[in-house]
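Input: a single structure, listed below in structure tokens.
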Amino acid sequence: MSSADKNLSSYSGEIPNLSSRVFGIVVAEWNEEITEPLYEGAVEVLLKHGIPKANIIRTNVPGTFELSLGAQWLAMKKGVDAVICLGCVIQGETRHFDFICNAVSIGITEVNLKFNKPVIFGVLTTDNKEQAFDRAGGKHGNKGDEAAITALKMLAQTI
């Protein structure tokens, strides 16, 4: 089922106490009107699950392409247990969209494997701004929420 048919921000299941864990969130500044609500959604979920605000570290990068390096910097920090990458790439008239989406998805995967830590892909890849807004707190939920839930669930597997 595609996310166009379902709001995926609701979930079920227990998440154990992870209040001692530290979460890094790297946020792309490009398309800030989209990425900021993604960030707010992710933080709200982490706080709701008992993660202290002091255990949430934010790093901004200029664009989605830079998320991989920002994630690596956070993953290298002593004490960071998981990293959430938040960005938005909107299809334009050129192939730039394809190159950025491909590079960032591979880059984030490589950081996951290199540091053996959850590095979560919270990047919207949409055809237009309306689709992006729909997934940044709109009718299809907030993918920032979902990225935080994924980080929590992945860390829960380590205890």
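The chain as shown is numbered from 1 upward.
Including glycine, each Cβ sits where the backbone N, Cα and C put it.
What Swiss-Prot records for TRP30, THR64, PHE65, GLU66, CYS88, VAL89, ILE90, PHE121 is 5-amino-6-(D-ribitylamino)uracil binding site, and it gives sequence analysis as the kind of evidence. Annotation for GLU66 (5-amino-6-(D-ribitylamino)uracil binding site): spatial neighbours ALA28, criterion Cβ-Cβ under 8 Å with sequence separation of six or more. In the three-state DSSP reading, GLU66 (5-amino-6-(D-ribitylamino)uracil binding site) counts as helix.
Swiss-Prot lists GLU93, THR94, ARG135 with the feature (2S)-2-hydroxy-3-oxobutyl phosphate binding site, giving sequence analysis as the kind of evidence. The local packing around GLU93 ((2S)-2-hydroxy-3-oxobutyl phosphate binding site), expressed as other Cβ atoms within 10 Å of its Cβ over all shown chains, amounts to 6. When secondary structure is read from DSSP and collapsed to three states, GLU93 ((2S)-2-hydroxy-3-oxobutyl phosphate binding site) falls in the coil class.
According to Swiss-Prot, the active site, proton donor annotation covers HIS96. In sequence order, no residues are near HIS96 (active site, proton donor), counting only same-chain partners six or more apart with C-beta under 8 A.
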Length of the line joining the Cα atoms of VAL89 (5-amino-6-(D-ribitylamino)uracil binding site) and ARG135 ((2S)-2-hydroxy-3-oxobutyl phosphate binding site), in Å: 12
Inter-residue Cα distance where the pair is PHE65 (5-amino-6-(D-ribitylamino)uracil binding site) and GLU93 ((2S)-2-hydroxy-3-oxobutyl phosphate binding site), in Å: 18
Diameter of the (2S)-2-hydroxy-3-oxobutyl phosphate binding set by C-alpha atoms, the set being GLU93, THR94, ARG135, in angstrom: 23
Among CYS88, VAL89, ILE90 [binding-site residues], residue with fewest other Cβ within 10 Å: ILE90
